Amino acid sequence: MSIAQWRQFNFFDKQQVIDPSDNSKSPAVFQGSDISVITSGQVYISDRNFKTHSFVAYSGGRVTHLKQLKQKNVLVTVGEEDNGTPVVKFWDLDSVDRHKANDKHTATPTCIRMIKIQHGIKPYPVSTIAVLDNMSQLAVGLTSGVVIHVRGDLSKDRTVKQKVIYEGEEPITGLGFREQTKSTILFIVTTDSIMSYNTTANKPTVTTLDEQGCDLGCAIMSDVQEMVVGRDEAIYFYDSTGRGPCFAYDTPKSSLTWFKSNYLVIVSPPVTTTSHLSSAARPALSFSSRRNAMSEFTKVTIFDTANKFIAYVGTFVGGIRSVFCEWNSVWVVGMDGKVYHLDEKDTPTKLEILFKLNLYILAINLAHMQKYDDASIAEIFKKYGDHLYLKGDYDGAIEQYIRTIGQLEPSYVIRKFLDAQRIYNLTNYLQELHSQGLANADHTTLLLNCYTKLKDVSRLDQFIKTDSDLNFDLETAISVCRQAGYYEHAVYLAEKFQEHDLYLDIVIEDMRDYDAALHYIRKLTPHEADKSLQKYSKTLLTHLPEQTTQLLIDLCTGVLTTQTGERINNDSNKVPTQDDALSPTPSTKNTTTALQNLSILPFAGTPNDTGSIHSGNSGLNSTSTPNGMNDSKTHLRKGLSYTPPSARIFMPAFVERPDCLVMLLERVYEKRWGSSNEKLISVAKTGDAASTRSYGNEKHHSNGMNTSQHTLSPQEKEERKTIWNTLLELYLMDEHPVPLMSPQIPAQNNYSQLNERERQKRRKEFRVNALALLKDDSVEYDTNQALVLCQLKQFDEGVVYLYEKTCMYTDILRFWMEKEETDRVIESVRKYGPKDSSLYPMVLTYFSSNPEILSKSTPELLSVINHIDSQNLLPPIQVVQALSQSNVATIGLIKRYIGKKIEHEREDLKQNEELISSYRGETERRRNEIEELQTSARIFQVQKCSGCDGMLDLPAIHFLCRHSYHQRCLGESDRECPQCAIQHRMISEIRRTQEANADRHDLFFEQLDSEEDGFSVIADYFSRNTMAFAKLVD
């Protein structure tokens, strides 16, 4: 490939160097004879301002090679002494040899090492050298084809060892070291071959890499330690393994120089104007008049090896002596003493040049090499994309825009490709935007809409189903898929990322796959299942009542698991039978009635309802669950893995399916509190059979269950109470639901299939269940509420039981009397009469209310009268008044009772008269004795002492109570008879108590209320003279 086939740019500015002291001349160091350091043996050192100083490196000889080390400020020179032997010297430029220092312009650096190079008898000139920057190895190539290797610390070791590692017939044209991790390779280049030599191997050998070499000056080392070889046809790169890449550049080459990291400076041999320039090009060159016809010019080319273009091409008249790179510039020294420097343009200028030429790829590579930031590089990609977009290359444009993601605002690209014809390109851009995680909800919506408009299901599948990470807005993606009708994709996303609510919403509302919804809910955790069923249970009950009810039973009883194994397979397909639960369904004609009945049920949770799983209550202590149940007790007692939610929160979903609600509440009531309907019904029947058949004073036993109950929290008690009330209302519905049948058959058809006998049977079953609930004493239900419900539903057994439970016996009797249930009245008075005597006047009035009842209950009426008489429960006047309220009962009916009572009253009157007579006599005797003591003297004739029973002698003391004592038998302070003092003090204490209690009216009324016979209490108070407020007399 010739130079014309490579892209060429003018990325370097050429400028001639002038002497600071004389603007018309080149720097003095390059003028006159001083330019030839080879013949003088001197070395000139110059700074950037070309202020120079020199020193004699080889006295009487010449300098052939110079090399400045990069890591150390050491200059390596190769020259010849007087005898022509090559000598290599190492100069420490930081140290001055004081013995040779004459002035500042001729200060001589210290020579730290001098090595004579000699092979054989006849010395040969040095053609090239190579030195490691750490000064550990040196390689010298001779024109005789010999390579001498020197090893050792060249800066410190006293002696170093030279070794000939290669001898050939062709002169050595290039040497270079390549330092690798564990070895150091020396490249050897001759005019006809290229070789490598491992200097660190135990037995190093020379390995031929190529059978072609290069001329002197056309082999250099690059910055990445590759040997660069220039031949007329191309530029070749070599590493330790052999030849690498090459660049075709068919031009003769006289020297190569490496600049910076990627530039190769190629100097071509000088050519004459007559043979190489056209007539049009010749006037452009500045030649002197005397050499205008046959002047020579040399071409300098700077090749960018990284980006593969020519960065500069220039010609220099009169030939080039040398090219060197320093101070970030390429310096060209002409044969005529003129010096030029080539300065690289700054990167923005180079980019502008490339932009004008629409060479955006080169611009991007150049920006990368200059380590531009991402924003600047993205701006180049944007310009490239805009260029391609204007050309109509939309595919290429979108590729460039994709590379701006993260820097360029996506809306800039989206607006360009919103047209329907370019929607495919927009899809690619949006997909890449999502893959980098930089898309928002609007981008997701747009991308999915693009997929749906293109009907590209495969790419939609790839976007949704293959990404392991969530690189888009999930809710937006699901929403768009739903709107476009791609329900399977929406369901896939919702299930994959556990958006349970969205999954169920799609499956139920859009796909109407209720079986899948139930199966999915069973796989959820109890907490998630609780939330889902609260939202979708009504819909699921409408279509799959049996399976949904069973799922709710499992959840509310604490047996729902998150595993999809045997438990789900067994329970999810279980269809409840009539033996498992009573499953009624309302008929169509009674739907309104059923709804009215259900409208008063406690379906709505109370404000304190904490039945939902994990719905914590801040008022509970830390050891309680959200339902208020103690965790340890609950788990130990029931073995539950979680706290079941309250069944109350699901009750509103059963408005149209009370049959399922009955089944749910029965199972929850049974499994959570261990009270099954069968057990309650058995207890209820046992209680009914235990009614009293006699009017004796037997103790009344409770009909309820006496089973021991575990301690329940207030919340759980309230929960059980609510379920109890709801079950009772469902059992007492006017039209009872029929058992669950096929969901395809309407409820009214199911109900019409039952005849009247079966309906009555079911009604009786539910009434039995209701009575069993009422007799469950483990529930602290509201008796008044239950009583009102039973009265509204005309549930006689329930009303009577509740009256009995609240000891409202008169209401029981009045209830049966209103219904004219004489047998029930008789049974009730036998059972409750001993507990409440007020029932007897009522029953007497009822029995004598009309002839028909009297004729039916005459034996019972007489039995009641005899019982009243034997137990003395009522005075005869009340019995007569009760029977006389109607004209039905005759005097002959109670003639015997009246006669017996009159005879008994006569006997009592006679006994009372005798008592009165005896009391009067006693009172008279007491009065006479008091009178005698007050008016007459008392004669004491007692001969014995009442204290010691000894013969009474003087001194003696006599008391008016006719007791006498020795004076010695009495104490000094005794002023009362010892025998009568105790009785007197007792009487005095009683009197004091009566006087103190005369003002305690509360004690009087309390005793009056507690006694059945209040008149006897008043008579007793009068008999003790309490009413007289008598004062004790000392």
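Using the three backbone atoms N, Cα and C, a Cβ is placed for every residue, glycine included.
Looking just at the repeat 'CHCR' (401-549), the mean pLDDT is 85. The repeat 'CHCR' feature in TrEMBL is assigned to 401-549.
Taken from TrEMBL, the feature compositional bias 'Polar residues' applies to 566-576 (among others).
According to TrEMBL, the region 'Disordered' annotation covers 566-591 (among others).
The feature region 'Disordered' is assigned by TrEMBL to 606-640 (among others).
The annotation compositional bias 'Polar residues' is assigned in TrEMBL to 607-631 (among others).
The annotation region 'Disordered' is assigned in TrEMBL to 688-718 (among others).
Look at TrEMBL and you will find 703-714 (among others) tagged as compositional bias 'Polar residues'.
The feature domain 'RING-type' is assigned by TrEMBL to 945-980. With DSSP classes pooled into helix, strand and coil, the tally for the domain 'RING-type' (945-980) is 6 helix, 7 strand, 23 coil.
Sequence-distant contacts of the domain 'RING-type' (945-980) (same chain, at least 6 residues past either end, Cβ-Cβ under 8 Å): 933, 938. Under DSSP, residues within the repeat 'CHCR' (401-549) fall into helix, strand and coil as 113 helix, 2 strand, 34 coil.
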